[in-house]
Amino acid sequence: MAVQRAASPRRPPAPLWPRLLLPLLLLLLPAPSEGLGHSAELAFAVEPSDDVAVPGQPIVLDCRVEGTPPVRITWRKNGVELPESTHSTLLANGSLMIRHFRLEPGGSPSDEGDYECVAQNRFGLVVSRKARIQAATMSDFHVHPQATVGEEGGVARFQCQIHGLPKPLITWEKNRVPIDTDNERYTLLPKGVLQITGLRAEDGGIFHCVASNIASIRISHGARLTVSGSGSGAYKEPAILVGPENLTLTVHQTAVLECVATGNPRPIVSWSRLDGRPIGVEGIQVLGTGNLIISDVTVQHSGVYVCAANRPGTRVRRTAQGRLVVQAPAEFVQHPQSISRPAGTTAMFTCQAQGEPPPHVTWLKNGQVLGPGGHVRLKNNNSTLTISGIGPEDEAIYQCVAENSAGSSQASARLTVLWAEGLPGPPRNVRAVSVSSTEVRVSWSEPLANTKEIIGYVLHIRKAADPPELEYQEAVSKSTFQHLVSDLEPSTAYSFYIKAYTPRGASSASVPTLASTLGEAPAPPPLSVRVLGSSSLQLLWEPWPRLAQHEGGFKLFYRPASKTSFTGPILLPGTVSSYNLSQLDPTAVYEVKLLAYNQHGDGNATVRFVSLRGASERTALSPPCDCRKEEAANQTSTTGIVIGIHIGVTCIIFCVLFLLFGQRGRVLLCKDVENQLSPPQGPRSQRDPGILALNGARRGQRGQLGRDEKRVDMKELEQLFPPASAAGQPDPRPTQDPAAPAPCEETQLSVLPLQGCGLMEGKTTEAKTTEATAPCAGLAAAPPPPDGGPGLLSEGQASRPAAARVTQPAHSEQ
């Protein structure tokens with residue numbers, strides 16, 4: 001739907017000199033320094049890491065800090081500072097020792113949790129990454145090995161599953177004796193799987209799974225392996241008994257993708273990636289008869305792996321697949337850098353981290369989470385921290401913490417605020433008063449002290465509902481204590497505060513003040529009208545959802561142009577963008593009005609006229625186009641198709657010859673019509689007063705007419721849109737020779753312009769000649785209108801209807 005977007009009334013541009021003065025004020029400030037003794041920055045040399053502790057045993061959490069002494073080190077557990085006690089001891093190097101690790105069920109004190117090392121000196125405070133400390137445990141087996149029967153020469157598989165911290169080491173016993181791991185027919189997988197290939201009678205026995213870690217040792221139930229007689233002579237289709245599982249690992253771990261295949265003859269097992277990329281050879285090995293082992297996995301190893309079992313010498317194959325996801329803990333691509341800035345200026349820190357999944361970035365100020373608000377802004381997924389109008393309270397150590405499901409990392413930087421002596425205080429008595437719907441006047445008093453060196457003021461402006469990063473500034477002369485802020489939005493609350501600037505720096509900010517602009521009625525909405533049928537119209541416009549916020553919407557009126565009163569108002573919400581009118585008089589010309597309203601009243605209306613005679617789908621007052629060319633093209637195309645289907649090739653040739661002999665007469669006639677339309681040489685004539693009568697009063701006279709009482713000159717409408725009843729009346733115009741070629745048809749027009757304009761006015765001689773020949777020649781062949789209206793124009797009648805052919809008149813306001 002090609003409807004133009006509603007444009008708010010144009011505001012006068014804001015004065016240029018405040019924008020030019022602001023950079024001049026900033027140039028007079030002292031140049032910033034990029035660092036003050038970075039060698040003395042407070043930072044961690046060693047941070048605590050995740051660990052598993054044995055209940056009742058001691059554990060040490062490492063932490064070493066570098067920085068300007070004295071440095072105070074404390075520890076937090078789950079975000080709460082640990083008090084000094086005999087249960088835990090702070091070592092001289094900053095590490096924490098827990099003497100007897102506790103794991104008490106049922107809500108009793110436990111030492112499990114997330115630990116952080118906190119270091120502080122006179123410049124600020126930093127917090128280490130979180131280290132998760134868990135107790136070593138061992139559960140019972142939740143999957144025991146099952147009894148298995150295998151054929152001699154075949155494959156047997158046992159599996160057990162158990163949870164524990166740290167991850168248990170799985171070994172196997174046969175008849176209570178550890179199996180021989182040097183036997184190449186026995187394959188032990190780390191996830192608790194035992195595979196035996198090439199089964200023999202001596203492989204039979206009872207197998208146990210043994211799990212062990214620092215917490216405990218567990219032995220599973222026994223499972224018997226029975227080896228039956230050889231069935232090697234029988235053919236068996238290849239089959240995959242066990243395929244690869246979906247795995248999620250962290251970088252540098254080992255991936256084990258299992259694939260156990262059977263068949264006779266023994267199938268060949270191969271591996272590939274579903275995406276077609278090569279698996280590679282570095283760190284890759286095949287364990288047993290088909291298990292894929294990837295050592296030291298990286299993010300690039302992520303993907304879907306396909307195990308295929310092929311019968312030798314044939315294309316018979318079976319496949320199974322599993323997905324490997326490799327995660328990478330967060331690490332920094334760009335660390336924040338320590339900076340120093342003059343008071344009143346802007347400080348910016350940048351911190352970029354990468355990982356898989358992408359890490360989330362959080363900022364800390366002296367160990368406390370820092371969120372956006374006030375003069376603090378976070379952009380680019382929190383990777384950029386901006387602090388505007390810095391003051392002494394902003395001097396601190398800022399940390400960037402990047403964290404994902406695979407791990408976390410932190411980096412810190414220090415902000416030093418250069419505060420010169422003799423800076424002025426904040427401006428006083430700041431007031432903001434609404435002047436109009438787009439202007440607010442802000443006034444203030446100069447600071448109490450140190451005013452002699454003031455070189456200007458900077459006014460900070462933003463919508464009260466907007467985030468701080470959308471704030472903008474305007475500079476004001478030092479001798480001015482008020483400023484008119486223009487180009488604002490109606491019915492909108494704004495926040496204002498001011499700073500005084502000297503060559504040494506800026507003052508602190510004044511107390512913010514709020515003011516709302518006055519409201520106004522909305523602008524006229526753009527309106528398009530489409531003829532859907534002989535008695536229906538479709539009205540199209542752009543929705544304005546904001547009207548609903550101001551108790552507003554749209555009002556729709558319509559009437560036959562011959563009537564005095566309108567039907568309406570039809571009230572529509574601001575979110576609606578179309579409306580259909582039906583059961584209309586197919587012989588009438590309709591006037592349609594659409595206006596927007598809010599709590600401040602009704603806006604100006606957009607008016608459209610449209611005729612339903614000879615109804616076909618048309619667009620009223622559509623964007624500029626050469627309608628005569630379009631109609632001629634459509635008629636030529638349609639005629640060609642109908643003739644080609646119903647008459648045949650012979651009739652096509654006949655019609656072409658007929659058109660060739662008739663074209664010359666039509667061109668000559670249209671040239672005569674165009675000469676009648678062309679204005680005389682010399683000064684341009686005034687617009688036809690009859691056309692102006694159709695459009696109502698001029699701009700200066702609009703206020704004298706009632707909005708709903710204005711009527712259209714019906715004599716003019718009858719000439720432009722003759723009623724259907726006129727078909728039976730004698731035509732007072734000169735008769736047209738039936739043998740003469742038909743000029744442009746009057747009833748082809750369905751659009752009435754709202755402002756006077758001449759068809760040929762302002763056109764070059766070449767353009768006139770072009771429009772007077774080919775387009776008109778095409779229209780001359782148009783059939784008479786079905787409603788019985790006049791179908792032909794004489795040369796003397798072409799002047800006024802031709803002026804009504806313009807399809808893009810200038811918009812008028814009701």
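Glycine too: its Cβ is placed from the backbone N, Cα and C atoms.
Summarising the annotation, Swiss-Prot assigns compositional bias 'Low complexity' to 770-781. The disulfide bond feature in Swiss-Prot is assigned to CYS63-CYS117, CYS160-CYS209, CYS259-CYS307, CYS351-CYS400. Positions annotated as domain 'Ig-like C2-type 1' by Swiss-Prot: 36-139. The domain 'Ig-like C2-type 3' annotation in Swiss-Prot covers 238-321. Per Swiss-Prot, domain 'Fibronectin type-III 1' is recorded for 426-520, and the stated evidence type is sequence analysis. Summarising the annotation, Swiss-Prot assigns signal peptide to 1-35.
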Integer Cα-Cα distance in angstrom, CYS351 (disulfide bond) to CYS209 (disulfide bond): 49
Candidate disulfide-bonded residues CYS160, CYS259, CYS307, CYS400, pick with smallest Cα gap to CYS63 (disulfide bond): CYS400
Other CB atoms within 10 A, centred on CYS307 (disulfide bond): 25
Distance [Cα-Cα, Å, rounded] between CYS400 (disulfide bond) and CYS209 (disulfide bond): 47
Chain-internal residues near CYS209 (disulfide bond), provided their CB is under 8 angstroms and they sit 6+ positions away: PHE141, HIS144, PRO145, PHE158, CYS160, ILE162, ILE170, THR171, TRP172, GLY192, LEU194, ILE219, SER220
Helix-strand-coil residue split for the domain 'Ig-like C2-type 1' (36-139), DSSP-based: 3 helix, 47 strand, 54 coil
Reduced DSSP assignment, CYS259 (disulfide bond): coil
CB within-chain contacts under 8 A for CYS117 (disulfide bond), separation at least 6: PHE44, GLU47, PRO48, LEU61, CYS63, VAL65, ILE73, TRP75, GLY94, LEU96, VAL127, SER128
Other C-beta atoms that fall within 10 angstroms of the C-beta of CYS63 (disulfide bond): 25
Residues that sit under 8 angstroms from CYS259 (disulfide bond) by C-beta distance, when 6+ apart in the chain: ILE240, VAL242, GLY243, PRO244, VAL269, TRP271, GLY290, ASN291, LEU292, CYS307, ALA309, ALA320
Taken over the domain 'Fibronectin type-III 1' (426-520), the model's mean pLDDT: 90
